[in-house]
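Annotated transmembrane segment per Swiss-Prot: 25-45, 342-362, 369-389, 396-416, 440-460, 472-492, 537-557, 863-883, 888-908, 911-931, 967-987, 998-1018, in sequence order, evidence recorded as sequence analysis.
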């Protein structure tokens, strides 16, 4: 009968070692919970970290940017500015459109923000123009967030007006109802309408004016309540033919009588079926189309939303005629799925590599199976907690699990190695398990909690970066905790049942060769360590040198914010001279599209021209370029962008700005390039003075490329300078002048046609085909107080001036946004510093302020908090270690290993040409938790040898280094191989994962070599320091 160690042996593991059935069932429960949880986890690109954002759009056709600003945007801004929880308010007022974007604090629920926005709009209603065609409309969407899906609707047999009508009523409305959809926009502007084009000469000859015609149409088409009759026995509802539904009815409308004969609308105007706004157009590739852009609500899951739309599409397209084609041009979920799939493959590869390294060291199948079980059990069990915390399967959580592969096996390796050592000495497996697990239990707890302590600061990071990495930190911490539980329960129980002297001693040729190799390595290490211990001050100088080197590398390494991803979609802005018309812009767009579609990496293209709230001016066009899948093209997105810009540069009269779409969107405005810098003033005049000066300076900086500004103050304006005295003498008011101009040139919506399914507008304008340009102004006629017809030229002069094409505000003040990219040989940190230095040379007045926006602002915040984040991680780990060891000194010895990790990580990033971005910084913080385990394993055994065997400190630490060399090497290689697949990643989303892998592999390699020698030296130096303190201050030490 086997004699067991005393009941005190085994520590917390004893109960689980002695009760294998209960332990097995507990692990099965964890496994099942994880498997079930995995099925309920949504899939996403990144954790849901969107700011609650709402966009408010107001359309006022024909209004100038100045009118839109003063009459629409400003009243709305005053009401919105009073809302609590508002983080930032930006607006863009252009010809006929006002867009106000409201970004709220992360802590404010989107539904609460929606209620506040609706209340503010209601409060501003009385301040808005009375003839506003429609009230402001808000959408729970971030305009800078690229659409999750883009669909093109084309037809070769039907006009686009009919196509849009069907798409709007049969498709767009249904998609809008899908959970997670924030906004469905139909680009192309082919909404059906009845267009009335007045012949100015004809109405003038008849003594009529456009205002007469407008009043006639408005009064002839009404749709109002008429009442009902309630008799003794029957009730009758009243109805009438007060609605005109067709073009022919409008043509036959009598607008006046001349000499007893009717003057019909068709006599003085061309009445036709057309589009509500003729200055809007969209194209899919080279074909005119209605383009549907589907944007998600902030916080909505992209995958589930896109899947729901995909499921609906077959049913929706069946309701359309056969001649109408619906094509999915882009679907962001395709790349998201590919990225997640690649990360899942890297996770499985990491598990395989870790198990392989375990077998290489243990050279025993049963001993390899034990930690091989611990790895998937710890990772799968994490899924159950992720479901409970509303996490998702995304790139960051999968990266956390991939890194955790190397972490979770560490505990099991330490336990197995210690138990195996006692079995090899002749102990029975059960006794060895109890003794080995009890001896190593405190070390496991120290390793676990000190590693989790490193992650604690990540949980308290503020703003969007903190939200972004919260799932990463918690997922990793949960996996480590489950690993510790498994290592103290299942692992020693399996060791007691599966290991034996015979199995451990059973060796093949490979095992014997590996054993000899490890013995020689340990022997050499012992020789080198003895020499190092004889020269402690030289070793200490090396340790101090690594600290200084890490600081230097930190200062000089290029710094960035977030890796630029290749998601297969490029957003573009095409810019033409400020006086460009819709027709000329459409022609330029077609030329550019032809060039872009010839590129072998391009799969499809959508383009939009016109002003509708998303596009600020007629001289710009929006492009979305969809690339072929990564495995079907030779170049990544940045090279494709450079190639496209070079090719389009040959097209005269246009500038093309391109940027790849990103999963992380912090901006609230659609910009031309990736990064933004704003100049804000109290007046437009101040901006007009300083914007050109700063623009000239910024364009000269080599750290910036594609520098542009949204300041456009050279738009042509026909300024009507009315002689108010003359007008007053004739009884003509300014309202009469404005109405006449609006009727002629504003595409004025004067009436509404109501049907059972939709509503359509009647559009009034002058027919300018015969009198184009400013000559059309001579055709304007007004009615004097005595009924006479007065030409506009009799009371006004037309002056050609310049004015802004759009007016932008930030928090209610005028602002200009500079957009820029960063060249390949510079980093975002270089660009930011160059801009700050340039700003100082311009000597801006005190009433003009500058600020970075979007990801550039987040970069500044992250960079400023990085040092404090690392300090917080070190302090947190010191506190945990101090509590565990009941010592002020030993935690310092353990933490002395950290500079070596920093040097390795920073050197690896610089050699690989990677920036120090937030992903790489997370890797460095994780290294802080990993590399100290070498010191913990050494110091734990050294302290035990001093305490239990009475060994001298030098002998104790020397023996500890030799005894723990194999598990130290094994655990370090396991962590390294866990990060290796991330470092070598080449698939979709590799840009996001690679910096983490590079930093960790480099840090582990350097720290592994150095800490094996620096830790024992520092341990002995602090031991001498402790003895010195005790000898100098015996009383104080004794009291302590």
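Count begins at 1; order follows the chain as displayed.
Cβ atoms here come from the backbone N, Cα and C positions, even for glycine.
Source: prediction; values computed, not measured.
The stretch from 396-416, 440-460, 472-492 that makes the most Cβ contacts under 8 Å with the transmembrane segment (25-45) is 472-492. The transmembrane segment (888-908) and the transmembrane segment (396-416) are not in contact, since fewer than 3 Cβ pairs between them lie under 8 Å (pairs 6 or more apart in sequence). Remark: the transmembrane segment (863-883) contacts the transmembrane segment (911-931), by the rule of 3 or more CB pairs under 8 A. Using a cut-off of 8 Å between Cβ atoms, the transmembrane segment (440-460) and the transmembrane segment (369-389) share fewer than three residue pairs, counting only pairs 6 or more apart in sequence. Taking every listed stretch (472-492, 911-931, 967-987, 998-1018) in turn, the largest tally of C-beta pairs under 8 A with the transmembrane segment (537-557) is reached by 998-1018. Panel annotation: around the transmembrane segment (472-492), residues 10, 12-13, 16-17, 23-24, 26-27, 30, 47, 370-371, 373-374, 377-379, 381-382, 385-386, 389, 391, 396-397, 399-401, 403-404, 407-412, 414-416, 419, 433-434, 436-437, 441, 444-445, 447-448, 451-452, 455, 458-459, 922, 926 of the same chain, lying at least six beyond its termini, place a Cβ under 8 Å from a Cβ of the stretch.
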